[in-house]
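Written below as structure tokens is the structure these notes are about.
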Amino acid sequence: REEEERLRNKIRADHEKALEEAKEKLKKSRDEIQAEIQTEKNKVVQELKKKDSKPLPPVPLPNLIGINSGEPADPDIQEKRNKIKEMMKHAWDNYRQYGWGHNELKPIARKGHSTNIFGSSQMGATIVDALDTLYIMGLHDEFREGQEWIDKNLDFSVNSEVSVFEVNIRFIGGLLAAYYLSGQEVFKIKAVQLAGKLLPAFNTPTGIPWAMVNLKSGVGRNWGWASAGSSILAEFGTLHMEFVHLSYLTGDPVYYNKVMHIRKLLQKMDRPNGLYPNYLNPRTGRWGQHHTSVGGLGDSFYEYLLKAWLMSDKTDTEARKMYDDAIEAIEKHLIRKSNGGLTFIGEWKNGHLERKMGHLTCFAGGMFALGADGSRDDKAGHYLQLGAEIAHTCHESYDRTTLKLGPEAFKFDGGVEAVAVRQNEKYYILRPEVIETYWYMWRFTHDPKYRQWGWEATQAIDKYCRVSGGFSGVKDVYSSSPTYDDVQQSFFLAETLKYLYLLFSNDDLLPLDNWVFNTEAHPLPVLHLANTTLSGNPAYR
């Protein structure tokens with residue numbers, strides 16, 4: 001109570017001070033203001049220079065288990081695994097030749113490609129995203145090429161507006177994983193530099209970060225299309241794993257504090273039906289429209305609650321409780337069985353359930369399986385079964401197409417089940433979520449059908465998405481002569497090919513007791529935090 005009162009007074013005082021300053025500013029001439037801004041800017045630049053040069057404290061590397069093993073004994077499995085490695089090499093070599101340094105590759109036009117999530121600059125997203133996959137596949141020459149580019153060319157002081165979420169999961173996640181796997185300091189240094197550039201995004205009235213931040217100026221804003229200027233649950237809720245590791249590696253609690261502040265704020269809020277809406281306004285701290293989804297806009301928030309608990313060596317029980325509460329509400333309100341007996345996860349929109357499931361939602365099968373152990377009331381068997389049912393539904397969405405590749409979204413209405421209805425939902429852009437679920441289900445059950453399904457997907461990708469200049473998404477999975485979208489997504493190398501490779505490897509490669517995968521499939525080690533700088537934090541006691 002006293003704490004709250006003190007905070008309230010502090011906020012009031014800060015607010016009044018800001019008003020006073022604003023009044024003062026308004027009295028000044030334009031030139032004076034320009035001069036002041038320039039001074040402030042210079043101060044910030046100097047500070048950053050000082051910061052950048054400060055060496056990072058030495059921290060013990062967690063005990064890293066299973067980073068270059070996994071060779072299957074069965075020659076048939078070995079052959080399949082080698083095929084997947086060959087596909088990775090095809091994707092990488094073409095990017096190396098035609099798109100090097102660009103964020104992604106256009107495999108048909110054979111040139112670089114970039115989308116607005118990476119801002120306007122060439123940041124080599126594919127390189128950073130692919131590093132850990134190259135490493136575990138033993139493609140060490142390629143790994144070294146990537147490392148060299150990062151060392152010489154990866155520069156974050158560019159005047160470019162980037163997605164905080166995408167840069168966190170792909171760049172910070174990719175750099176941290178590369179650091180833990182290889183022990184090369186350059187990756188740690190770059191990850192910490194970049195993280196410093198993301199921190200200004202948290203300068204909002206609530207501490208809920210903006211969706212986008214300019215890496216040079218630190219100015220943040222939200223996506224124009226999001227509900228009433230809201231931030232998105234899956235974006236501000238998918239920072240925890242990376243930020244905890246940043247605090248671990250730097251000894252600086254600022255990152256940990258930012259994500260714990262978000263968690264505390266979410267815990268205090270009312271949740272309609274126990275569900276978390278996808279939109280939250282960073283100015284007012286109120287929910288935007290009440291739209292809830294385990295697919296895009298919501299998905300990885302739930303995943304990171306579970307993974308926060310796993311990554312803390314199961315000591316962060318607060319995260320586990322939030323996860324359990326959330327999936328209980330999801331099961332009650334969003335999960336249904338279709339007339340044809342397929343279990344699916346719908347979306348809550350404007351007070352009713354939309355019977356549609358996105359490809360992105362298919363990751364949830366793996367999540368339920370991963371969270372089965374440690375669930376409430378002895379429900380481990382139930383959640384493993386639920387994971388299996390979702391895997392089956394998502395496999396059906398692949399099996400019911402011409403190409404045997406899944407559409408972006410599929411309906412469960414009337415006679416139509418697990419099939420896309422709208423033309424703009426029939427595309428496949430090399431997404432990993434279904435394969436990710438096959439891999440988790442394989443690890444937990446060793447049911448051979450998951451390898452069979454994974455192999456079906458591998459063959460379909462190789463047959464219909466492979467072109468001489470790399471791999472491309474296709475615009476219609478129900479057409480026997482599909483058109484290409486001409487983009488080789490960075491997540492194809494980071495996730496799709498990694499999960500396939502792991503599916504055909506032994507369990508001793510990146511064992512789940514020691515590694516937790518971020519939402520871009522970048523493996524981060526479980527932190528046994530009793531002996532580190534974070535042990536002062538109550539969540540880790």
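Numbers here mean position along the shown chain, with the first residue as 1.
Just so it is clear, glycine is given a Cβ too, placed from its N, Cα and C backbone atoms.
These features come from TrEMBL:
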type	residues	note
ACT_SITE	GLU166	active site, proton donor
ACT_SITE	ASP299	active site
ACT_SITE	GLU408	active site, proton donor
ACT_SITE	GLU433	active site
BINDING	THR519	Ca(2+) binding site
DISULFID	CYS362-CYS394	disulfide bond
REGION	46-75	region 'Disordered'
Of the active-site residues listed as GLU166, GLU408, GLU433, the one whose CA lies nearest the CA of CYS362 (disulfide bond): GLU433
Cα proximity to ASP299 (active site), best match among recorded positions GLU166, CYS394, GLU408, GLU433: GLU433
GLU433 (active site) versus CYS394 (disulfide bond) - Cα distance in angstrom: 9
Nonlocal neighbours by CB distance (under 8 Å) for GLU433 (active site), same chain, sequence gap 6 or more: HIS359, LEU360, THR361, CYS362, PHE363, CYS394
Pairwise Cα distance for GLU408 (active site, proton donor)/GLU166 (active site, proton donor) [Å, integer]: 19
Cβ neighbours of CYS394 (disulfide bond) where a neighbour is any other Cβ within 10 Å: 28
Sparsest Cβ surroundings (other CB atoms within 10 Å) among the recorded positions CYS362, GLU408: GLU408
Rounded Cα-Cα span from GLU166 (active site, proton donor) to THR519 (Ca(2+) binding site), Å: 10
Surrounding CB atoms that lie within 10 Å of the CB of ASP299 (active site), all protein chains: 25
